[in-house]
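A.B. asks: Per TrEMBL, domain 'Cation efflux protein transmembrane' is recorded for 17-226. Annotation comment: TrEMBL describes 15-36, 83-106, 118-143, 164-184, 204-227 as transmembrane segment.
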Amino acid sequence: MAEAEEGLLGRSGRVVVTAIAINATNCVFKLFAWLYTGSHSMFSECIHSLADTINQIILAYGTHKSIQIADSFHPYGYTNMKYVASLISGVGIFCVGTGLSFYHGISGLISPEPMEDFYWAYFILGGSLVSEGSTFLVALNSVRKGARTSNMSVRDYITRGQDPSVNVVLLEDFAAVIGVPVAASCMAVSSITHNPISDAVGSLLIGCILGSVASFTIYTNVTALVGRSIPQGNLDKINAELESDVMVRAIHDVKAIDMGNSLVRYKAELDFDGRELTRMYLDKQELNALLEQVIKFKNIDQLEEFMLRHGESIVDMMGGEINRIETKLRKKHPEIRHIDLEIL
């Protein structure tokens, strides 16, 4: 939670900022390589890096915004901004990256043009593979740390989109690490055969890779924004802690929603033990004094006043017990940011 709340200075933020710097540099070099060679595959790689850079700037904004303090318009805070930014990023990858790659690849198939020498393009692709591979390893390391903190497997951590900003960086750079060899191979085949068709096919293949990444990114973030439950194992632990309290006989209609930034909103209906609550109240009273008051009752009005006074005190005690239970839950499960307990 501490890491999540540091915004761009936290673990996720550092990964995103690092990715922005590296992808922006790669985009510039790939642009020059495309202008020099006219390669369709290199154009796709340039667009890929440009889309990654723009998307990660959006992610940086979402990461920064997600730690903004709750206000009257957003009483539960802005934690979902990470998912919103990641969703926009996924749509951007699909529209810009996949769309332009497909367009350029199809154009190359329909109207092939003579190609220039790819010599310098291979060096730029090699440098891109090293830099984007480094970013991929940084993002993967962050995912592993997050998975250990959340007691989840790396696979579940990624598929559930627990850290959407790092997830997008990881998947984009994974696509880049795969896309660079694809582009280089297709360019090499075109150079050897002196046929630009293979280079155009490389652009289509890169478009397919980007489309797959974009589809997965959109799916995981839409699922989170709609309202996704926390893992069942974590929910069972919270429920067991609540049911073990002496004041709770049973719990019903339990809901625990992942709010993002490793924060949870928990809601449950409680079957409160009225006898236990009353017993606790009476333990704090002088029973002999109460008995004397009851014996002296002369009419119904005195009985009513007695019941109203002590009934109000018992209800106040119930409020205190609910606060105690919420405090205990937060202490045992610090990921719970908001608790809504309703008395049946």
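Numbers here mean position along the shown chain, with the first residue as 1.
Any Cβ shown, glycine's included, is placed from N, Cα and C.
TrEMBL labels come from automatic prediction, so no person has curated them.
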A.B. asks: Mind checking which residues of the chain, 6+ beyond the ends of the transmembrane segment (15-36), have their Cβ under 8 Å from one of its Cβ atoms?
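C.D. replies: For the transmembrane segment (15-36), the nonlocal Cβ contacts are 8, 42-43, 45-46, 49-50, 52-53, 56-57, 59-60, 63, 116, 120-121, 124-125, 127-128, 131-132, 134-135, 138-139, 142, 165-166, 169, 172-173.
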A.B. asks: Go through 83-106, 118-143, 204-227 and flag the stretch with the largest number of C-beta pairs under 8 Å relative to the transmembrane segment (164-184).
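C.D. replies: That would be 118-143.
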